[in-house]
């Protein structure tokens with residue numbers, strides 16, 4: 001029977017009221033991870049020694065119950081809110097704003113210009129402030145921008161608001177990747193990423209339903225304006241809840257007892273990636289950006305860029321593509337809704353499959369591109385009269401998004417050093433933004449059949465993604481074999497002092513790159529129970 005008792009009545013209360021400033025007291029300060037200072041500030045060893053596997057399982061369930069719903073619904077709202085322009089496009093938005101030429105494409109891309117410019121600065125700011133409150137304030141802010149969008153009168157006004165919206169939304173996915181690394185082991189992260197990333201499809205469904213409903217509103221105000229107002233109000237309310245409920249880190253999670261916080265930090269030790277360090281380290285920035293030192297940043301950038309050309313192309317023009325089959329505005333919105341459900345199922349299935357198949361992450365990523373390839377090919381080869389076949393192609397499109405989210409999980413599991421992880425994630429999202437900016441401009445006005453150039457460009461990008469992913473996997477395999485060989489030759493690898501030292505994966509010879517989770521532990525010189533008790 002477990003001797004670990006997580007009830008507040010049975011534990012010390014020393015940390016309950018400790019502030020971040022107190023944890024950063026000079027007596028505990030070192031240039032390492034805050035998790036190390038936290039464990040040094042409490043009697044952590046007695047808690048760890050008395051805990052059992054059942055205690056850890058109960059802790060993971062508790063983390064899931066608090067974190068996953070918050071991440072899921074936030075991500076769903078982000079998807080809905082950034083897609084409002086697409087929902088509005090089938091109504092009178094273009095006419096009301098007087099859009100002409102490629103101005104609609106520019107409105108779609110300007111969101112990602114804001115994303116591109118603000119993503120790295122906002123992610124760095126999240127390193128300096130309590131993460132939950134920072135995210136909550138950003139959500140409230142973009143909800144306000146969304147409401148204001150209903151008041152846009154012309155292209156210029158809408159363009160400014162779209163740019164600002166992209167800036168506020170830019171921090172969500174990178175910070176969610178960091179949250180994954182704070183609370184979950186490398187084995188657990190891919191499935192948790194899939195759990196909240198599946199909200200991308202859920203949001204697409206809900207957004208489509210809202211847009212369909214707003215299309216029936218007859219108040220003298222254009223239906224597209226109600227789409228922005230309703231979604232904006234929901235977002236503001238949700239942002240307040242996130243501000244109150246999302247903790248800044250495991251060390252300051254009020255919904256956990258002190259003992260549970262200790263175990264939450266301890267179980268992440270096997271990741272060898274750290275939890276939180278508030279000091280920006282330029283050496284880690286350089287290492288992440290230099291492909292001659294570490295090529296995974298460039299390869300992830302190129303893979304995600306190609307992936308998001310698909311999203312920015314066909315994704316931005318999805319409802320308009322369906323409308324080109326001969327459907328009206330409301331019918332196009334309604335027919336597009338099942339694509340969101342398919343997206344959600346594919347991401348969940350892909351995350352589960354990547355965890356189950358040996359060495360499966362990159363293989364699953366490539367495999368999930370195949371249905372999208374077939375769907376795009378159908379758009380090119382089928383005649384416009386074959387509406388059933390064309391719609392089948394539309395519904396085969398969503399699986400490509402699974403590749404994106406598996407790739408986005410890699411910086412969290414295949415790099416160490418807090419600044420390096422932030423930088424690698426931002427590098428990946430640079431590709432995300434540039435791909436979405438480029439995608440809409442693949443459209444050629446007046447071509448027959450409609451959007452053919454988009455489909456051709458997307459097929460090329462699928463092939464390039466597969467090439468980059470194969471190269472990335474080769475790098476991981478060769479690097480792991482090189483490190484294993486050095487270990488076999490007697491090289492001294494990680495020492496216990498390296499734990500929570502905020503070193504990078506290149507500075508830790510015992511670090512192993514994950515193609516998929518395996519049961520080989522991080523290699524330490526001293527493999528005592530404190531380091532390897534639980535993964």
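Each Cβ is built from the backbone N, Cα and C atoms, and glycine gets one as well.
Nobody curates TrEMBL annotations by hand; they come from automatic prediction.
Looking up the ranges 195-214, 255-274, 275-294 in TrEMBL, the one annotated as transmembrane segment turns out to be 195-214. Among residues of the same chain six or more beyond the transmembrane segment (362-382), those with a C-beta under 8 A of the stretch's C-beta atoms are 310, 314, 321, 346, 350, 353-354, 389-390, 392-400, 402-403, 406-407, 449, 451-452, 455-456, 458-459, 462, 465-466, 469-470, 472-473, 515. Among residues of the same chain six or more beyond the transmembrane segment (104-122), those with a C-beta under 8 A of the stretch's C-beta atoms are 82, 85-86, 89, 94, 138, 155, 158-159, 162-171, 174, 312, 316, 423, 426, 429-430, 432-434, 436-438, 440-441, 443.
Confidence for the domain 'Major facilitator superfamily (MFS) profile' (67-481), expressed as mean pLDDT, is 85. Tertiary neighbourhood of the transmembrane segment (226-246): same-chain residues 66-67, 70, 73-74, 77, 80-81, 84, 87-88, 131-133, 135-150, 207, 210-211, 214, 217, 219, selected by CB-CB distance under 8 Å and a gap of 6+ residues from either end. Counted over residue pairs separated by six or more positions, the transmembrane segment (298-322) shares fewer than 3 Cβ pairs under 8 angstroms with the transmembrane segment (134-153), which leaves the two as not touching.
In summary, the transmembrane segment (388-410) lies against the transmembrane segment (195-214): three or more C-beta pairs, each 6 or more positions apart in sequence, are under 8 Å. Three or more CB pairs closer than 8 A are found between the transmembrane segment (159-183) and the transmembrane segment (422-443), so contact between the two stretches is assigned (pairs 6 or more residues apart).
Through the fold, the transmembrane segment (455-476) approaches residues 295-296, 299-300, 302-303, 306-307, 309-310, 313-314, 362, 365-366, 369, 372-373, 376-377, 379-380, 400, 403, 407, 414, 439, 442, 513-515 of its own chain, all at least 6 residues removed from its boundaries and within a Cβ separation under 8 Å.
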